[in-house]
Structures are given as C-alpha cells and as structure tokens.
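Taken from Swiss-Prot as is:
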ACT_SITE  Ser146  active site, proton donor
ACT_SITE  Ser147  active site, proton donor
ACT_SITE  Tyr160  active site, proton acceptor
ACT_SITE  Lys164  active site, lowers pKa of active site Tyr
BINDING   Ile24, Asp70, Asn97, Arg130, Tyr160, Lys164, Val193, Ser195  NADP(+) binding site
Amino acid sequence: MVNTCTYLPLSGKVALVTGGGRGIGAGIALELARRGASVAINYGHSAKSAQEVVEAIQAIGRQAVAIQADLTCVPNIESLIQEVVRHFGRLDIVVSNSGMEKFKPLEETTLEDFNEVFNLNTRAQMFVARYAYDHIQPGGRVILMSSIAAGLGVPGHALYAGSKAAIEGFTRCLAADFGRKGCTVNAIAPAGVKSDMWRENAWRYAPGCDKSSSLEEIETALASGSPLKRCGVPEDIGKVVSFLASPDAEWVNGEFFSPPPCKGPLPGGDLEC
C-alpha cells in the first residue's frame, strides 16, 4: 500500500536533497514528497537507487528528478542548484545530506584522508548553502546535516567527528545570513539510524559488540539505551526535516537538533541518555 499524507504543508514547494538516492537522504526525500513537495534528488554514484526513489515519489503523485553531481567539486554544486531551478522553476527547501564516514587510526591518517572527508562533509555543505542563497525563495528553508558523533570521543573517528562539528558553527552564522531573505537555517545531528552507513559501522558504537557481531546483536545493544527501545530509521529523520521545512517551523532558526534519545557510548560502555 502506498503511504500518502492528506496534510500537504509543502504543496507547491520544490526541495533539493543532496545524497538523496539512498539511506537517510532517501527517507528525507520521500517524507518531503508525502507532504506535497516536488523533489530533486542529487546522487553521486547510486544512480539505480536514486531512480527508485524518484519512481516512489512519482507513485504518490509528486514530481521528482534525479540529478548526478559530485559535490566534492565545488563548481558542480553551483551547477546542480542551477539545474534544479531550470527544471522546476524555483527552489524553496535545501537539505544538505551528502556525507561519508571514515574510521582510521590516528597514526595512519593522511592529508588525503582529511581532504576526502572534509571536502564532502564540510566544504560541500558550506557551498550548498552558499549557492542556494542565490536562488532560494523568500521564506525558504536550509537544513544541514551534522552527526551526534561530533560530540563523542570515539577512537579513530576524529576526521568524521571534526567534519560534522563544523556544521554547528555554519548553522548559527548562516541563519543570520539567510535571515536577510526571510529564510531559516537549521541542522540535524542523527545517530543510530538504520542505513547502509549504519550497517557498516554501527558495531563501533554498540556496547559489548565487535566486528563479528550480527546486525541483530548490534541493533539490540544500541536500542537498549533508548527509552523507545528501538533504533531510528531514515523516515524518522525525514519527519524532523519535514517539520523544519514546514510553515510551522518559521520561528525555528539557527538550531541544532539531535533526534535520537541517546547520545552514544560512555567510557564504561553505557549509553548516555
């Protein structure tokens, strides 16, 4: 059964979701569409899954298009946003979701590793906002993507955590910049969301688990620290984004949201809630 929404606060709006072809990005794109938005789905390499998201959106009667662009190349970001405006005629909502995760021992970390992570997780988000500013409609919304990892001390995770920590500073300053156009800028810091990235690295955060642990064991360990006793799914983040993109959030600006109820492993192995 197709899941549709009769409340359409985003009807007539156009959204761009970077990294929207899979995982959290796909969940965000679908939730925006369920609330009436037309959606441009940017992807880097996942053409097949991006097209599947497009088809799922079209199946509920919304418009969607998939656009390939490597956001580690800054000129591609400007071209992407221009293409969205050419295709739909406007731009109202920008969700900067593209990102990558890397674990590497400090003693093995190179400049190439640094550039690889920061070029996508940090620089690209800055320039998505920069070029969105030129085209976004008055009253528009920009939502950046951080991570709860920015506030945790996980071995071998300094590059990822640092690249996401910068987003909080971006958010507060960009909120002031975009305020001149009547637009808001907020950020989300997810954790424990079941996606392809989660499947690869969740064992590193799960108390009592290691690389040999099954996904069921990892999920049980992580969910046990949540008052809701479950891990998040991409649609959970999509619903938070949809709220921030809606008229109800017009007085929410420069804020940093961490939807999951727990903050991760403490030195003793317990989860901080």
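Including glycine, each Cβ sits where the backbone N, Cα and C put it.
Since this is a predicted model, take the numbers as computed values, not measurements.
Measuring Cα to Cα from Ser147 (active site, proton donor), the recorded positions that fall within 10 Å are Tyr160, Lys164, out of Asp70, Arg130, Tyr160, Lys164, Ser195. Looking only at the binding-site residues Ile24, Asn97, Ser195, the one with its C-alpha closest to Lys164 (active site, lowers pKa of active site Tyr) is Asn97. Secondary structure from DSSP puts Ile24 (NADP(+) binding site) in a helix. Most buried of the recorded positions Arg130, Lys164, judged by other Cβ atoms within 10 Å, is Lys164. Between Val193 (NADP(+) binding site) and Ser146 (active site, proton donor), the C-alpha separation comes to 13 Å. Within 10 Å of the C-beta atom of the residue listed as 'active site, proton acceptor' sit 23 other C-beta atoms, taking all shown protein chains into account.
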